[in-house]
Amino acid sequence: MSRLRFLAAAAFFLLALDAFPPSMAAAGPQQLRPDYYADVCPNLESIVRDAVRMSVAHSPVAAPATLRLFFHDCAVRGCDASIMLINPDGDDEWRSLDGMTLKPEGFNTVMSAKAAVDSDPQCRNMVSCADILALAARDSVFLSGGPDYQVELGRYDGRVSTRDSVVIPHGTFNLDQLNAFFSGLGLSQADMIALSGAHTIGAASCGFFGYRVVSGADDAAMDPAFAEQLRGTCPAGGGFAFLDGATPLGFDNEYYRNLRVGRGLLGSDQALYEDPRSRGAVDRYAADQEAFFDDFAAAMTRLGRVGVRTAEDGEIRHDCRFPN
């Protein structure tokens, strides 16, 4: 191959690599694997699960809060636990407008799990906060009745967290906006619809959906009886409602069944059924919980590969709140 052809081929390769989403470019299969800590912390998964079980028993908010924390972390700077960092000047992710909606129970769950892991001398300062968060999110799903899937491990923790980096989907998004956001993470519409099923647990403040039920609002996609119920839920001083009012503490497929009858709480949730391009997937999950569980587990695995850091640009934090 001539030097000119070689340089052209190399340039094309670099451009192609740059076009891949962070999940493709950051961590290959050699780095992420379920048995990453088998030699240095063999009891890691049982330690984290026991810690998460205690957190969930202490507060029903812990499971949805931890699951949401994982999504926020991966969606902003990649799955590097940057959402956990506290900067002295206040310029960090969790003090952004969107970050401040995260519940303390999620942070506390991860910190408790980290403390439990580090209480084992063999494991101390060997496991990243990013991996503990990924495991805690999985365990939050499982302990709420959802699938028990394998978690790929081997992430390193990031060192940077800023308010301005926080861009996440909002409850007013339509399907095109949702697809555009998830595509930026290297995820498909199918992944997005499966991950949206995380809204089968948790709640939202009235500020996220109140515009759909205020006097004069004409949201034809919402069941009128549901709208009336929500109007009573949201007094002038605030209030909240469960994202899945049928089984709010159980991880199941009721979220999708709710969408079929106009009882999706967020506009972005109901949009999945109102748009014919995504309605089929909603119908499938509403009818087949096992299919939802399988696809959710696969989508969580792909989400967990986004923006993964290595030893070259990350670290194993001793305290999840601060860089070493």
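Glycine is no exception: its Cβ is also placed from the backbone N, Cα and C atoms.
These come from TrEMBL:
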- HIS72: active site, proton acceptor (ACT_SITE)
- ASP73, VAL76, GLY78, ASP80, SER82, GLU93: Ca(2+) 1 binding site (BINDING)
- HIS199: heme b binding site (BINDING)
- THR200, ASP244, THR247, ASP252: Ca(2+) 2 binding site (BINDING)
- 1-25: signal peptide (SIGNAL)
- ARG68: site 'Transition state stabilizer' (SITE)
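Location within the structure of each feature annotated in TrEMBL.
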residue : record                             : Cβ neighbours (10 Å)
ARG68   : site 'Transition state stabilizer' : 20
HIS72   : active site, proton acceptor       : 21
ASP73   : Ca(2+) 1 binding site              : 31
GLY78   : Ca(2+) 1 binding site              : 24
SER82   : Ca(2+) 1 binding site              : 28
GLU93   : Ca(2+) 1 binding site              : 26
THR200  : Ca(2+) 2 binding site              : 29
ASP244  : Ca(2+) 2 binding site              : 27
THR247  : Ca(2+) 2 binding site              : 18
ASP252  : Ca(2+) 2 binding site              : 19
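Long-range Cβ contacts of the residue listed as 'heme b binding site' within its own chain (separation 6+, distance under 8 Å): LEU243, ASP244, TYR255, LEU265, LEU266, ASP269. Residues within less than 8 Å, Cβ to Cβ, of VAL76 (Ca(2+) 1 binding site) and separated from it by at least 6 positions along the same chain comprise SER82, ILE83, GLU93, SER165, VAL166, VAL167, ILE168. Counting only same-chain residues six or more apart in sequence, the Cβ atoms lying under 8 angstroms from the Cβ of ASP80 (Ca(2+) 1 binding site) belong to ASP73, ALA130, ARG155, TYR156, ASP157, GLY158, GLY307, VAL308, ARG309, GLY314.
THR247 (Ca(2+) 2 binding site) has none of the recorded positions ARG68, HIS72, GLY78 nearby, counting only those with a Cα within 10 angstroms of its own Cα. Taking the mean position of the Cβ atoms of THR200, ASP244, THR247, ASP252 as the Ca(2+) 2 site, the remaining residues of that chain whose Cβ falls within 8 Å of it are ILE201, ALA246, PRO248, GLY250, PHE251, ASN253, GLU254, TYR255.
Here the CA atom of ARG68 (site 'Transition state stabilizer') lies 16 Å from the CA atom of ASP252 (Ca(2+) 2 binding site). Across the structure, THR200 (Ca(2+) 2 binding site) and ARG68 (site 'Transition state stabilizer') are spaced 12 Å apart at their Cα atoms. One way to see the shell of the Ca(2+) 1 site is to take the Cβ centroid of ASP73, VAL76, GLY78, ASP80, SER82, GLU93; the remaining same-chain residues with a Cβ within 8 Å of it are HIS72, CYS74, ALA75, ARG77, CYS79, ALA81, ILE83, GLY158, SER161, SER165, GLY307.
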